[in-house]
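Structure, as structure tokens:
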């Protein structure tokens, strides 16, 4: 009898330890995955922002490769990493919240039985809604820093687009931007484009998480066994690129709304509907697909890496290692 109680106590202790690690491990996994992914694909993300922001009559770049080549020529190699510090700082909480929130909602929605496709979509919706707390200010700052080089290059290479007597804007730092936005508009300044960010990130998560889960299930070893890491990577890439292209029109709108500096010949927008109307009127429907392939190239490896880190349990390993050292 005492042996039975001892086994039960050991199992209970192991369960408490697992529960204690659960949320911190998920947050750590999301953070590690975000840092690795962003470091790998940031130059493509910069090209995406610049391609989406340029309008008819002020087109400086013709393609992804043309944008990266011109960026290196005018700003040097590290010009491709403008705004990377903001992204690397805030992508940890952003990815951690997104992945942990999706797991949390999936867990709670599956308590009453099988996790249906609708419940998977609801979990994704919850994850997308939670992440905008961090995503919106991160994107707001990142876009200004990424696009500053395009505005400067436009003034040099396309002087006809510059208004007479206008002063060349200085390239700000993330801290300067943050202070300026706080001073002028308070916290709302950092959350400009929140509506458009929700319109992008909620549908993205609704598509991505169920699609990833179902693709990943196809590669599982047996009914209950986990999928190999390469299946998780490919599933993350496919689901990420599909969701990225699907919501690209909203990403174009969000990028335009969050950009504070523009060329003199470029439109300004008062909101989502005004942005849609002016883009359709002046650039046509195809403008909503600007940067779509860049976004797919960014999101595919980003989420592929995220799912591999998540499914390998890197966070759990680190936390268990640190706990062992304490004892």
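Cβ atoms here come from the backbone N, Cα and C positions, even for glycine.
Annotation comment: TrEMBL describes 21-108 (among others) as repeat 'Solcar'. Helix, strand and coil residue tallies for the repeat 'Solcar' (21-108), in that order: 75 helix, 0 strand, 13 coil [DSSP].
Each residue of the repeat 'Solcar' (115-218) gets a DSSP state, and the totals for helix, strand and coil are 85 helix, 0 strand, 19 coil. The repeat 'Solcar' annotation in TrEMBL covers 115-218 (among others).
Per TrEMBL, the feature repeat 'Solcar' maps to 227-316 (among others).
According to TrEMBL, the feature transmembrane segment maps to 21-44 (among others).
The feature transmembrane segment is assigned by TrEMBL to 296-319 (among others). Outside the transmembrane segment (296-319) by six or more residues, the chain places 21, 24-30, 32-34, 36-38, 40-41, 44-45, 48, 64, 95, 99, 208, 212, 216, 226-227, 229, 232-241, 243-245 with a CB less than 8 A from a CB of the stretch.
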Average model confidence [pLDDT] within the repeat 'Solcar' (21-108): 85
